[in-house]
Every structure is written in C-alpha cells, then in structure tokens.
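What Swiss-Prot annotates here:
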- S171: active site, nucleophile (ACT_SITE)
- A60, G61, F62, D63, K64, T84, N137, N168, K213, S241, G264, G293, Y314, S315: FMN binding site (BINDING)
- K64, N109, R110, M111, G112, F113, N168, N173, N242, T243: substrate binding site (BINDING)
Amino acid sequence: MSFFRCIGRSALFMLDPEHAHRLAIVGLKSGLNGCQKVVDKRLSVTIAGLKFKNFIGLAAGFDKNAEVVDEIFRLGFGFTEIGTVTPKPQIGNPKPRLFRLKEDEAIINRMGFNNDGHQVVDDRLRICKKAGVVGVNIGANKDTVDKIDDYTVGIAHFYDVADYFTVNISSPNTPGLRDLQARDSLHLLLNAISKARKEQEKKHGFSIPIFLKIAPDLSEKELDDIAEEIKLSDFDGLIVSNTTLSRQGLNNSHFSNEEGGLSGRPLFERSTIVLAKMRQKLGKEIAIIGVGGVKDAQTALEKVKAGADLIQLYSGMVYEGPNLVITILKEILQMMQQDGVDNIKDYRDHNLEHWAKFPL
C-alpha cells in the first residue's frame, strides 16, 4: 500500500472535499510532488493529428481554471484537459456540492461549472510551457438562453491556444444542458461548431480537433442518433463518458442520495459498455477517449481493449494518490512485455465484443 493510501489520504479526507481539492492545487503549485516521468515510445499514441507522449490524460474538472497545467505533466500524464470553461465567470451551485463515497471509491458532484470564465483562463493558458497536449473543455453559462452560441464563442476564444476542444453537453448539473444530446438539437450544435471552426481555420491557417463528451445515461437509440450525427459532422471524436445520474451498485453510503453526477469506481462498467457500443457504431477511424472508473493498470487497459484510443482519469487519483499515473504506466509496460505487444494501440478493441454485448 502506498504512502498516500496509508497516511496522505487519511489526512486529506479529514478535510471538506473542496478544501482538499484546493490544497492539492496549492501543493502542485509548490512543487511538492517533484517530477515523475515514464517515457517510452510504446506508450505514445497519435490521433486526430495530435501526438500524445502517453495515452493517459487528466480529465476535466480537476484543473478547471488552468492553474496547474505545467505541474500536471510532472505527475506523468500524457495530456490534460482544463475546464469546463464558460464565457462568463460563474460561481456554480450552492455548497456543499462535492461528496466522497469512500466505501465505493466514488464521488458525487453538483458543482455547476464553477470557473473563472474565458478571459482569465485564456490569460493563464498563454503563459504555460505546455509540456504535453492541452485540451480545453468548453461549456455554456447557466443563464444563457442560446447555449449553442456559448460553445461557438468558446471555439473562437481559445482557438489559437488549445490543442483540442471538448464540447461538454453532458454534465447533469446545468439545467437543460443534456437536452443538447437529443438528435435535432445535437444536429444544430454540431453544425454551428463546425462552422465556427471553419471560420477560425480560415483565419489562423490550421485546424483544431474537436471532441464531443457524452453522458453514460443514454439509450441504445440515443447512442445510435449521436453516432449518426457524429459521422455526418466533421467532429474528430468522442469522449465517453461524463458522470452518471444512476446510483446502481452503490453501498449504503451516507451521501448516495445526494443530487449530482457520480464518478469513480461504480461508473467503470456502464461507461465501458457505452464506450464499446460507440466504437462499434462509429467504426475504427473516429477517435474515442475513454473515461470513467479508471483506478489502476487493469481498468486503464480494459478501456483500451473496449475501444478507446486514449483514456482519462480523475476520481481514481483522489483515492489512489498523485503517483497513480506513473504506477499505471509502469505496470502497463510490464503487461506489454509479457504479451509481446509493441504499442499500447495494439490492444485496442481486443475485448470490444465482450463489452458491447451488455444491455444498457
């Protein structure tokens, strides 16, 4: 058992979750975790025209305001995603809004896109060294009537500083946001964003990849609709998935009835099933980033085997500590050596049929 699990986690878990998160940000700024790297070309992946040093990224939500972009790469991540960022700053939902379900190694949040807004985050990004790929996760303000417009504004604002965009329409904590996943609304959204990208591409002379982040709480028909719209659009891929509203499989936790999106270990199965189904529906060429319940080398590799090109994690680091990524990468390399695998991408789709067969 790691030092973090023995000592550090107990100390941090005595604090309110938001206070602990703030302390983690401050600690990273102070360089308390040193610098850790696992550099091996067998872990590198190229998708959507971007080369990732390794296949593990930090999911949006940890570094909402681009405060520790450079520091994140010292933890071993191959890429990071800041945000979700909205055009105007907003404070989010009332506190308490973040809850640890320790028995389940899970988190429930109803943060509500609390962030510093486009301009402040943009200013911070422009002074980063960017030791790896940095994505910008964009969203809509709670009080915005035309939410699609907020996304096109985000594309324009960050176009010359982002390595890729994530269009987040799947958070359960902004009223009406998930409605944009419905086919008619999604069609309008994807067209508007594609138009915004083309305008910026003409202006700047290069194209930035765009991913759509979807919820796990979707029916087979809804997944079919999303897949068809993605194939009709010029989007580069999907991120599967955001947090879930389901509480299936939880222990009788004190906080299990709190409203908000659930992440962590209980999300792994559902998100991996949705991932595999979307890989089947989209085919081999469209990129997919798998996220949800990754906590060790086994769960990380299973995402790839279910169809992911890259993976992201966040909640796993809360429970396993800042050395998690390094540990996963080292163990994955050992697995590759044992299996005679030349590159992590060679594992992709190995268990696709297994995961895709499960009902939603």
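Glycine residues also receive a Cβ, built from the backbone N, Cα and C atoms like all the rest.
These numbers come from a predicted model, not from an experiment.
Features per Swiss-Prot, on structure.
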{"residue": "A60", "record": "FMN binding site", "Cβ within 10 Å": "27"}
{"residue": "F62", "record": "FMN binding site", "Cβ within 10 Å": "21"}
{"residue": "K64", "record": "FMN binding site", "Cβ within 10 Å": "21"}
{"residue": "R110", "record": "substrate binding site", "Cβ within 10 Å": "21"}
{"residue": "G112", "record": "substrate binding site", "Cβ within 10 Å": "19"}
{"residue": "N137", "record": "FMN binding site", "Cβ within 10 Å": "26"}
{"residue": "N168", "record": "substrate binding site", "Cβ within 10 Å": "29"}
{"residue": "K213", "record": "FMN binding site", "Cβ within 10 Å": "24"}
{"residue": "N242", "record": "substrate binding site", "Cβ within 10 Å": "26"}
{"residue": "G264", "record": "FMN binding site", "Cβ within 10 Å": "24"}
If you measure C-alpha to C-alpha, which of K64, K213, Y314 (binding-site residues) come within 10 angstroms of N242 (substrate binding site)?
K213
Largest tally of Cβ atoms lying within 10 Å of a Cβ, found at which of the recorded positions S171, Y314:
S171
R110 (substrate binding site) sits from K213 (FMN binding site) (Cα to Cα, rounded, in Å) at a distance of 17
Pop the Cα-Cα gap between G112 (substrate binding site) and F62 (FMN binding site) into the table, whole Å please.
14
Do you see any of the binding-site residues A60, N137, G264, Y314 whose C-alpha is within 10 Å of S171 (active site, nucleophile), and which ones?
none
Of R110, G112, N168, i.e. the binding-site residues, those within 10 Å of N137 (FMN binding site) when Cα atoms are compared
N168
Assigned element (helix, strand, coil) containing N168 (substrate binding site), judged by DSSP
strand
Write down the Cα-Cα distance for G112 (substrate binding site) and K64 (FMN binding site), rounded and given in Å.
12
Whole-Å Cα distance, N168 (substrate binding site) to Y314 (FMN binding site), is 16
To the nearest Å, how far is the Cα of G264 (FMN binding site) from the Cα of R110 (substrate binding site)?
15
A60 (FMN binding site) to R110 (substrate binding site): how many Å between their Cα atoms?
14
